[in-house]
Amino acid sequence: MKADLRIPLAVAAALILAAVVAFGAPHVVGDYFVRILLLIALNSILVLSLSLSNGFTGVFSLGHVGFIGAGAYAAGILSLTVQQKKALLPHLPDLLNWFSLPFLPATLAAGLFAAILAVIVGYPLMRLSGYFVSVATMGFLIIVNVVLINASDFTRGARTFTGVPLATSLPWVLGWLAVTLLVLSRLVYSPFGRRMKAVRDDTIAASAVGISVLRARLVAFVIGAFFAGVGGSLYAHYLGSFSPNTFYFAMTMNLIAMLVLGGMGSLSGAIIGVICVSILSEVLRSVERGFTIGDITVPALFGASQIVLGFLFILIMIFRPKGIMGDRELTFGLSGRSANHNQKEGKDR
Amino acid sequence: MSQLEYIIQQIINAVSLGSLYALVAVGLSIVFGVLKLTNFAHGDVMMVGAFTTVLLIGIGMPFAPAMLCGILASAVAGFLIERIAYRPIRNAPDVTRLLTSLAVTYILENLGILLFTSSPRNFPLPDILNTSWQLSGGAITFTNINVLTVALTFVSLIGLGWFITRTTIGLGMRAAAEDMQAAQLVGLNVNKVIIIAFIVASAYAGLAGVLWAAQAGVVQPQMGFTPLLKAFVAAIIGGFGSISGALLGGYMLGALEIFIVAFMPDVVVPYRDAIVFALLIAFLLFRPGGLMQPNREIKL
Amino acid sequence: MATADPLLRVDNLEVNFGAVRALKGVSLDVREGEVIALVGANGAGKSTTLRSISGLARAKSGTVTFAGTVINKRTAPQIVRLGIAHSPEGRRLFGGLSVAENLRLGACTRSDPDGVARDTEKMFVLFPILRERWKQLAGTLSGGEQQQLALARALMAAPRLLLLDEPSLGVAPLLVRHIFDALAELKRQGMTMLLVEQNIALALELADRAYVLRTGKVALSGIASELRVDDRVAQAYLGAAE
């Protein structure tokens, strides 16, 4: 179908742009903007991976950050040097302590690890609906947190996990973002993607026409978890050091805010949400530190930016619960029309 | 110390902890009953009550009236949350309402950080409540705050029992929890029922918040988070939306946690919370209506 | 046919459920003291008519006037206070509440405890089983007992107009007779009723007049005793199945 080709095409166009940005940006703008750009791209990967289950399949998981955390720790353990392992993780099992993986394989392994975890967790949990699946996945997140804190042979426990090589650069992140976007756009706008959306829109009707609800949800959950694990690895290699609470409710809330603001049923919406929230947070954060205009000194108000974001979030829930994009896609002017619009037109003809 | 004394001590601990869980879970269940809303902000309403109490004690008010004001402050907070955030989205899909309650949590916690910073503050408990009782030559100990917690839990729950069986609005709360439309058909003012349910639930949160902070000895903006999560588990084990279920679940969870800490091997103890939440998931999967509503179906 | 000022007047009522037009301009009136039957096949719009009178369903257009007041913009609780009680399809009792508590909630709009006590006694005369089951949870009653409780709960509001949706549904045949005897007694006492009923014979026996609904419209109306022998009633049923 022509309408379905437009999105990969749009993605390709965006990629060329991204490549130019990736390699050009550091020469043009300062470190600060490169850092923001990198965080936007990184968060885009995380929010996109979240959108697969929460947005497109209607399984509102609160446990997604558990996969990100699992990926971050898995990648961190794999890519520490052998000497670092001996110093920082002296009780690491022999199986893991004699080698060190480069960035890419460590990241792939992290994604795979998160995906396997998602199969195990998702197989029972994807049978639940509504907020029961939300509460159950939240339980999963808490369990991951408890395990990260207590499995100190692997994770150094509540202490900071350090020494991960700072390998995450803008080209790497944009590259992975491109892969994520390509895979997800192919998936979401495929027949299987339509099944996912059918499951979301009317679970009973979907199963009545022979769609396996469990299978659709599980596939979305597992693929989402894979990219969450990849994102976790990128995050780990960006931060270098982190602790179990890096991957907990604050991050959950942040990613959900980005997803919901952008629009839960739209890939471009997810990215738009990330951009909006990131820019807004940066602006608010600089205001929050306190500033002086003429004779007036505004004192630092820590927490104010989150309060503003929270209110914004509630306003969106009340007045625009579908977010900025809703179910529509931005197609970068290639078609000038939304994906849904195209599909509807196709039906009318 | 004999085996028996050890067990009695653990039972005392379990009843004390279970009372706190029950108080929080009852409030959650009241709100879930009438609105079918998992109210994450409930933990922050606890925080409001605890902070109000601490601040009032700080300016010289005695403990008892300060606690009453704290409970009142929580009730007002609950009222405002319902009016401002929840009422506009009352008929929205589950997920929208869940997210809104998360956003309210986010706002209140950060408001707490803004006003009081995130570092813990001392809870100035009067000496009389800190007095400890030693039985069997010190083998069994508990303090007056433990006694007060259990006593207030019992008194307030008897009060709640009276309210929901003897008053029209209390009956209306139970009726609305069962069938909102039928409640409207008999002429119940549903807005009034919901707002009263919120106020009652929030007052419970306030009471629980003060007692929780008093036992912990500190208050801080995120203090409501852990009890909230535990109370979720308690409420779901008991049967979400059922008040007696929340009670049962609260005490069972208290007993389970104390059992793990007191009788399980040391390697297991740090995983206590993981076990608790695994239990939650197991209940959601195999007995979603909890112990009190065995036939409820929420699965596909 | 309509004389001046009926107690209830439904005028050209249209109700949509999403894209489905459930009612396509229903008009009917109920005079004080009358029992009106509303009959028709499944999906003809009988329950929807009752639900839009009692405020559970919102009309797209048309009006509902009760005792001179236009009520179709009012909420269900307000309508109860005006004097319309609705015993809904499927009974919708509060199963976790006792018989006593259900009846108490039925009277929750009233502020005359003496009157409520008197009416409770009346319910015991009309439905003696309720006295026996007084402390029992409504959910544990049999179908027929539940139906009696549902009727009693609606009556406890001391309504001027009683809307009854399928009082014979899910009730053992022997008890159906009993329930309709109670309705006949209510009629004798002067209660105005609008009755939706699948069992046409029973409904037309009790009613003064009847309206036959077919796919969201009034197909036929008239004196109940005449409609009982009218072939067109049966045709309206069969026609709806097309």
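A Cβ is built for glycine as well, from the same backbone N, Cα and C atoms used for every other residue.
Note that TrEMBL annotation is computational and uncurated.
Listed in TrEMBL for this protein:
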{"type": "TRANSMEM", "residues": "A:32-52", "note": "transmembrane segment"}
{"type": "TRANSMEM", "residues": "A:59-82", "note": "transmembrane segment"}
{"type": "TRANSMEM", "residues": "A:102-123", "note": "transmembrane segment"}
{"type": "TRANSMEM", "residues": "A:130-149", "note": "transmembrane segment"}
{"type": "TRANSMEM", "residues": "A:169-189", "note": "transmembrane segment"}
{"type": "TRANSMEM", "residues": "A:218-236", "note": "transmembrane segment"}
{"type": "TRANSMEM", "residues": "A:256-284", "note": "transmembrane segment"}
{"type": "TRANSMEM", "residues": "A:296-319", "note": "transmembrane segment"}
Legend entry - Beyond the flanks of the transmembrane segment (A:169-189) by 6 or more, those residues with Cβ under 8 Å of it: 4, 7-8, 11, 14-15, 18-19, 21-23, 25-26, 34, 37-38, 41-42, 44-45, 48-49, 51-52, 56, 103, 107, 196, 223, 227, 230-231, 234, 238, 267, 339
Inset, instruction - State, in range form, which of A:32-52, A:102-123, A:130-149, A:218-236, A:256-284 has the highest count of Cβ pairs under 8 Å to the transmembrane segment (A:59-82). - result: A:218-236
Legend entry - Intrachain neighbours beyond the transmembrane segment (A:256-284), with Cβ under 8 angstroms and 6 or more residues off its ends: 7, 36, 39-40, 43-44, 47-48, 50-51, 54-56, 62, 181, 184-185, 188, 197, 200, 304-305, 308-309, 312-313, 316-317, 322-331
Inset, instruction - Give the one range among A:102-123, A:130-149, A:218-236 whose Cβ atoms make the most pairs under 8 Å with those of the transmembrane segment (A:32-52). - result: A:218-236
